[in-house]
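To keep things clear, I will list the structure first and then write my remarks on it.
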Amino acid sequence: MSEIVDIYAREILDSRGNPTLECEVFLESGAFGRAAVPSGASTGEREALELRDGDKGRYLGKGVLQAVDNVNNRIADELIGMEASDQVGIDQRMLEMDGTEFKSNLGANAILGVSLAVAKAAAEEAGLPLYKYIGGANARELPLPMMNIINGGAHADNNVDIQEFMIMPAGACCFAEALRMGAEIFHALKGVLKAKGYNTAVGDEGGFAPNLKSNEEALEVIMEAIVKAGYKPGDDVLLALDVASSELFDKEKGIYTLENEAQKEKTPAQMVDFYENLVNKYPIISIEDGMAENDWDGWKLMTDRLGKKIQIVGDDLFVTNPKILKEGIQKGIANSILIKLNQIGTLTETLEAIEMAKRAGYTTVISHRSGETEDTTLADLAVAVNAGQIKTGSLCRTDRVAKYNQLLRIEDELDTTAEFKGHNVFYNIKK
């Protein structure tokens, strides 16, 4: 009864007002799954290709009608009649149809929309919530959230170089408590920024996006907000950064440029010095993309210097790609991977990357993109694989809060079997 009888895609809008693809899959039993595909602003060079129409007279060239057509007139014909429960077989069939390394034929947005909608339809057919369908009986760990409360870089129109300044309420006893702590700190931060005369407009991911005197001032105002909300930095709340340093790197010169620092140009070694100083001064537990995706020597230097003290997360570096992750593991680069479904383009390959990371002792962080929708798949995925951490933006904007609300529902449903590990999610770091 899980046979696919129809697949339909349409063009919808994401949280930035850009088109994206939504897909629906219908089964013989009447079960149904719907999924919408996110889109990134700072993207890795080796990400799977997001197919855009390029017609400047329509949505400024960002339409996805070709990807929609690929679903409705190519993928649908191939998959109708297959069993939705055969996730690996379905994903493999689409990869064979595409036939390219980066999914540039059908488009990763077309393939991912179908892949996720199939999983949702199969879960409904099985009478299971998505997290249990994907993860089985052991899917019960609620993730520690990385909450992006100050936005900079490519996510905001301000002078802050570092793309994301995040809080992690690791001292909470459960996910609901962590969410409450994050929301209270977010509101306290608004008051701190207002008192200093700073703008409290928000960026793509719902964090504040003020012009600040330096990147370090962002950490100072967050520390002040944590205390103002009644919490203790380092015990109750940890800090995390996403530098998105590929955006700051001159490949030819081998130099990073941080416009908001006194010493603007930095070598990879000086960048590590910069991070080490911040880690020694503030309760920073995690730095994502501290080096550019092509600066593997810089990554090795950073991992050797800081990899025992903090979580070093590869995003643009690994692009959720098992082949690239394998190379990084072999070379001892980073100790954590950021997981973004649309970087690789199928649920099967995403699960493969997560499994590979865990076997190597790397932590995993399930992540949204800056262009999001109301789709909450990644919340279910975080619990399904017991990832331990999730990164899905700030404490405002429905496209971000939708994921947090889904995690509240899951925690409620799991009841006494739910786990929340707090500080203990960083199992590969010496305390």
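Using the three backbone atoms N, Cα and C, a Cβ is placed for every residue, glycine included.
What Swiss-Prot records for the (2R)-2-phosphoglycerate site is Gln163, Lys340, Arg369, Ser370, and among Lys190, Lys309, Lys391 the residue it adds there is Lys391. When Asp204, Asp304, Asp315, Asp316 are compared with the Mg(2+) site residues Asp242, Glu288 in Swiss-Prot, the one appearing in that site is Asp315. For Arg369 ((2R)-2-phosphoglycerate binding site), the number of other Cβ atoms no farther than 10 Å from its own Cβ, over all displayed protein chains, is 27. Within 10 Å of Ser370 ((2R)-2-phosphoglycerate binding site), as judged by C-alpha distances, the recorded positions found are Glu205; the full candidate list was Glu205, Asp242, Glu288, Asp315, Lys340. In sequence order, Glu164, Ala240, Leu241, Asp242, Val243, Ala244, Val313, Gly314, Asp315, Leu338, Val365 are the residues of the chain that are 6 or more apart from Glu288 (Mg(2+) binding site) and have a CB within less than 8 Å of its CB.
Annotation for Lys340 (active site, proton acceptor): spatial neighbours Pro38, Gly40, Asp315, Val319, Thr320, Ser367, His368, Arg369, criterion Cβ-Cβ under 8 Å with sequence separation of six or more.
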